[in-house]
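The structure appears right after this line, and notes come after that.
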């Protein structure tokens with residue numbers, strides 16, 4: 001059977017569920033904000049295009065939320081099923097944000113349900129818009145609470161272990177640990193960024209297909225601007241994350257950067273490969289850059305991976321996840337800037353096919369950056385599940401059936417993934433925006 | 001009241017809420033699939049779209065609330081139950097995914113598909129069946145504690161009459177609760193055909209419900225006599241539950257006051273559910289884990305309870321809004337809005 005070792009099986013199944021869930025979680029956190037902005041502009045400018053945009057985005061959003069709910073429930077239970085020892089320990093210290101997350105999601109689900117089924121039930125459209133406020137807040141709070149748990153796994157605080165006994169538990173300190181701020185803000189900002197760029201991809205797709213609707217141009221313009229703002233924010237926060245790692249989790253940064261010897265004026269290694277003797281080849285080396293990234297100081301000393309015992313070193317392939325993440329992040333800032341400046345000065349070529357094709361790629365690329373970021377974060381914490389206290393080996397279930405469950409869930413996610421794509425394509429193909437616009441112009445109510 | 005009992009009472013209440021509203025959901029899916037197969041289509045499809053679709057995500061949160069809450073208040077449950085439930089709960093998750101995706105793909109999507117409706121209906125019965133196994137496990141006798149952790153004895157679990165009684169009760173209860181509720185809902189919507197159909201189903205499932213419930217008490221005599229004694233001590237709660245059941249059926253037979261039928265139905269299940277819960281005290285997993293051993297530290301307990309109260313204050317008005325818009329708005333139910 002697949003995965004004879006339950007520990008490895010548990011890690012793979014958790015990775016599978018999280019990698020699939022994060023797509024829908026990211027959309028779930030980011031898209032409500034986008035819908036809210038579009039609907040707000042629509043009401044303010046009395047422009048039916050933006051109202052229609054909000055409505056069509058919401059329609060597609062529901063499908064992704066459903067999959068997000070299902071996979072979110074799966075990961076919630078799998079934490080206990082695959083990591084029983086960890087949840088037993090963590091339950092004592094970090095149960096509070098998990099519990100609050102449920103409330104936040106509860107709130108979000110309630111108002112989302114109301115929002116979706118009440119498009120035409122309010123006389124005053126502003127009241128309907130107001131329903132989105134708890135949805136967007138609930139979504140962002142969910143992300144906040146759940147990310148504090150991940151931060152806690154990296155930086156366990158708020159408890160002491162004396163003679164094997166857990167004492168002095170402080171749930172708030174556990175929640176607001178040192179890793180929380182950079183992690184939470186990075187997760188939320190990248191979710192906004194990625195959602196905006198995915199919606200931009202859709203608009204670019206329609207424009208590439210030759211649609212002349214101003215509807216899509218307005219959509220592209222709005223999403224690219226919002227995407228750019230949050231791409232810049234993500235990069236700035238990402239820089240703080242690097243500084244956090246350098247100071248508090250140096251082994252993760254060192255593994256991600258292939259930085260083996262502690263040294264000052266450390267260079268940044270970009271891409272490349274490692275040979276058997278840990279020599280870096282074919283890499284782009286940027287002098288001083290790692291010291292700057294780590295401490296804002298070109299001559300600062302950066303701790304190397306060789307300072308840590310071998311069994312506590314994270315796997316070295318996380319280097320590529322780091323590079324993919326920052327490469328895509330930088331490209332997206334660049335793309336957004338060109339678009340915004342180009343529109344401002346009315347450059348013709350930003351309306352060319354090839355440029356719109358780049359925008360089309362931006363959405364999927366941003367999602368790849370999200371996945372890379374999480375793989376970096378999770379593999380980079382190995383061998384720990386709770387850094388310094390419990391390893392994945394100690395935490396995992398002993399069940400013999402993990403491999404079989406992996407196969408079942410893999411099939412499930414495959415079907416769900418295909419289902420989402422098929423349903424969304426059919427939904428919007430059968431009801432193209434031209435139809436909605438025509439009924440708008442016909443004056444036949446919305 | 002000690003924190004342990006307060007925590008357990010809160011969790012049990014959410015589980016009760018989940019059992020009731022999810023049963024309505026599960027049963028409706030099954031009746032829908034059944035009527036599609038027998039050609040009485042579309043009577044229920046409308047009810048499902050107008051009532052179940054807006055609220056299924058809310059229903060699901062009740063379940064999430066329960067399992068996140070129990071790990072929060074009683075972290076040891078994560079170790080005991082987490083180690084042994086990998087297979088049954090994973091199967092339940094897959095069934096849940098079928099149901100969740102049905103809402104997303106079928107009711108928001110363009111066309112309906114009979115095969116999918118059938119899977120959705122069947123998964124609605126298999127899901128409670130797979131989860132109800134947890135209740136059988138909690139009665140003890142199926143788990144062995146070894147050096148590498150607790151191990152579930154699947155053979156004795158699935159050959160035990162107790163397990164199967166609990167599974168059957170779960171399924172029958174789903175069908176009964178759902179039929180009674182939908183009788184009332186269809187009546188409010190003014191859909192006479194649907195009302196008569198659901199009333200018929202409700203009466204059909206009333207007798208098996210009481211027979212299986214009695215059967216479990218009988219099985220416990222052999223399986224866990226200590227627990228049976230505690231149940232007998234609470235005979236009056238079960239008696240009240242039974243009286244409510246009779247009242248509920250009476251109104252169904254008389255074809256009037258369906259609202260009372262539903263109210264009494266909730267009363268019936270509330271008394272039976274809480275009586276069962278109280279009779280299990282103090283065991284979370286007989287005989288290995290009690291609420292006192294498994295309880296979290298006091299600091300966490302106080303923070304969880306505080307958050308719960310704050311959250312509850314926010315939730316109640318929002319839930320009220322949902323009910324007003326989708327359940328008690330006559331024009332919405334009748335499809336005018």
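Each residue, glycine too, has its Cβ placed from N, Cα and C.
Bear in mind that TrEMBL entries carry predicted annotations, made automatically and left uncurated.
Sequence-distant neighbours of the transmembrane segment (A:20-41) (same chain, 6+ residues past either end, Cβ-Cβ under 8 Å): 47, 50-51, 53-54, 57-58, 61, 64-65, 67-68, 71-72, 74-75, 112, 128-129, 132-133, 135-136, 139-140, 142-143, 187-188, 190-196, 198-199, 222-223, 226, 367, 370-371, 374, 413, 416-417. Residues or ranges marked as transmembrane segment by TrEMBL: A:20-41 (among others).
The transmembrane segment annotation in TrEMBL covers A:61-83 (among others).
The feature transmembrane segment is assigned by TrEMBL to A:89-117 (among others).
Feature annotation from TrEMBL assigns transmembrane segment to A:129-153 (among others).
Below 8 angstroms of C-beta separation, residues 25-27, 29-31, 33-34, 57, 140, 143-144, 147-148, 151, 216-217, 219-220, 223-224, 226-227, 230-231, 233-234, 237-238, 241, 332, 353, 356-357, 359-367, 369-370, 373, 433 of the same chain, each at least six residues beyond the ends of the transmembrane segment (A:184-208), sit close to that stretch. Residues or ranges marked as transmembrane segment in TrEMBL: A:184-208 (among others).
What TrEMBL records for A:220-238 (among others) is transmembrane segment.
Taken from TrEMBL, the feature transmembrane segment covers A:317-342 (among others).
Summarising the annotation, TrEMBL assigns transmembrane segment to A:354-377 (among others).
What TrEMBL records for A:402-424 (among others) is transmembrane segment.
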Recorded stretch, among A:89-117, A:220-238, A:402-424, maximising Cβ pairs under 8 Å relative to the transmembrane segment (A:354-377): A:220-238
Annotated stretches the transmembrane segment (A:220-238) and the transmembrane segment (A:317-342) touching (3 or more Cβ pairs under 8 Å): yes
Interface-richest range of A:61-83, A:89-117, A:129-153, A:317-342 toward the transmembrane segment (A:402-424), CB pairs under 8 Å: A:61-83
Residue numbers, six or more beyond the limits of the transmembrane segment (A:61-83), whose CB comes under 8 Å of its CB atoms: 10, 13-14, 17-18, 20-21, 24-25, 27-28, 31-32, 35, 105, 109, 112, 116, 385, 392, 395-397, 402, 409, 413, 416, 420, 423-424, 427
